[in-house]
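Database features, via Swiss-Prot:
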type	residues	note
ACT_SITE	Cys103	active site, nucleophile
ACT_SITE	Cys200	active site, cysteine persulfide intermediate
BINDING	Gly12, Met13, Ser14, Gly15, Gly16, Val17, Asp18, Ser19, Met38, Gly127	ATP binding site
DISULFID	Cys103-Cys200	disulfide bond
SITE	His128	site 'Interaction with tRNA'
SITE	Gln344	site 'Interaction with tRNA'
Amino acid sequence: MSDNSKTRVVVGMSGGVDSSVTALLLKEQGYDVIGIFMKNWDDTDENGVCTATEDYKDVVAVADQIGIPYYSVNFEKEYWDRVFEYFLAEYRAGRTPNPDVMCNKEIKFKAFLDYAMTLGADYVATGHYARVARDEDGTVHMLRGVDNGKDQTYFLSQLSQEQLQKTMFPLGHLEKPEVRKLAEEAGLSTAKKKDSTGICFIGEKNFKNFLSNYLPAQPGRMMTVDGRDMGEHAGLMYYTIGQRGGLGIGGQHGGDNAPWFVVGKDLSKNILYVGQGFYHDSLMSTSLEASQVHFTREMPEEFTLECTAKFRYRQPDSKVTVHVKGDKAEVIFAEPQRAITPGQAVVFYDGEECLGGGLIDNAYRDGQVCQYI
């Protein structure tokens, strides 16, 4: 058995069960483990309660239980500058951003990784459900987590080869119930703590209220594609392509009772387009354009790739042809796709391997740009 005691692994600990078990497994495998709690957001609520303080207490309890040193580090400025400003700019531009992708790229695997290196880390580890496989020449491949329902490679798709070289994902070969069981067997205080949801580091706040603190709402008209006025919308930033709830129109406008969906936006005129039917024509597209395209391994400047892709988290893979030129790509779908949303990530896969991805700029229907921004 190899001696891991000389290998230092710095674990990003959130106070949740996944990162707790990550630290536990590495400690059991004999690594020199240090736990780090990242404070990335000032989340004091109206009652003066800071959930980060509660989470840090959980980190302290687990670190003490498994016998590892721990520290807290503040990345609020980095998060604001690198993730939150981007998040607001995307909403201003009528897009629907995915802050978790940017948070992993800029905070968890950049600011945190850089900090870990100052502590003498050989690797960093997180509680993400993903796997890394290392070739003999040192190349690292990022693979899907074994738990298909929890696989998080979609959110890790912007990581570079250099970042992956320094990363371990100890939970990648486990399913979520197994992780909880390990936590319970070890008597970890976080064993029954519920999973966090909501925006990366912002938590479970009411999204509409939260966003209105930073961006002024700009109500406008809600129209059908053929020009019928359906009332007022609350502000384009509150709606995403393909959304059903929150429109307030129901079946009161005559015709059939099929549900209404957001089928388009016009930022220049502040119009929200709505239509009836899950597969409304305006929601379907045959290709997309992406920018900030990036691969986890070295690739040529220009090439064509046949692979599968995801256009949102937990979506089944779809067959695509990808024409890459620099950091841009045209992605052509084998079958029409529904609600391709500007600002979201498109992520490429070859079987189990996550190859990388980009951010969706526009969707096209038979060569015509869809009115989604």
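Using N, Cα and C of the backbone, Cβ positions are placed for all residues, glycine too.
A map of Swiss-Prot features onto the structure.
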{"residue": "Gly12", "record": "ATP binding site", "contacts (Cβ under 8 Å, 6+ apart)": "Ser19, Ile36, Met38, Lys108, Phe112, Val124, Ala125, Thr126, Gly127"}
{"residue": "Ser14", "record": "ATP binding site", "contacts (Cβ under 8 Å, 6+ apart)": "Phe37, Met38, Asp55, Val59, Gly127, Ser196"}
{"residue": "Gly16", "record": "ATP binding site", "contacts (Cβ under 8 Å, 6+ apart)": "Asp55, Asp58, Gly127, Thr190, Lys193, Asp195, Ser196"}
{"residue": "Asp18", "record": "ATP binding site", "contacts (Cβ under 8 Å, 6+ apart)": "Gly127, His128, Tyr129, Leu171, Val179, Asp195"}
{"residue": "Gln344", "record": "site 'Interaction with tRNA'", "contacts (Cβ under 8 Å, 6+ apart)": "Thr96, Pro97, Asn98, Phe311, Arg312, Leu359, Ile360"}
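When secondary structure is read from DSSP and collapsed to three states, Gly16 (ATP binding site) falls in the coil class. Under the DSSP three-state reduction, His128 (site 'Interaction with tRNA') is assigned to coil, being neither helix nor strand.
Binding residues for ATP (Gly12, Met13, Ser14, Gly15, Gly16, Val17, Asp18, Ser19, Met38, Gly127) extend across at most 16 Å, taking the greatest CA-CA distance.
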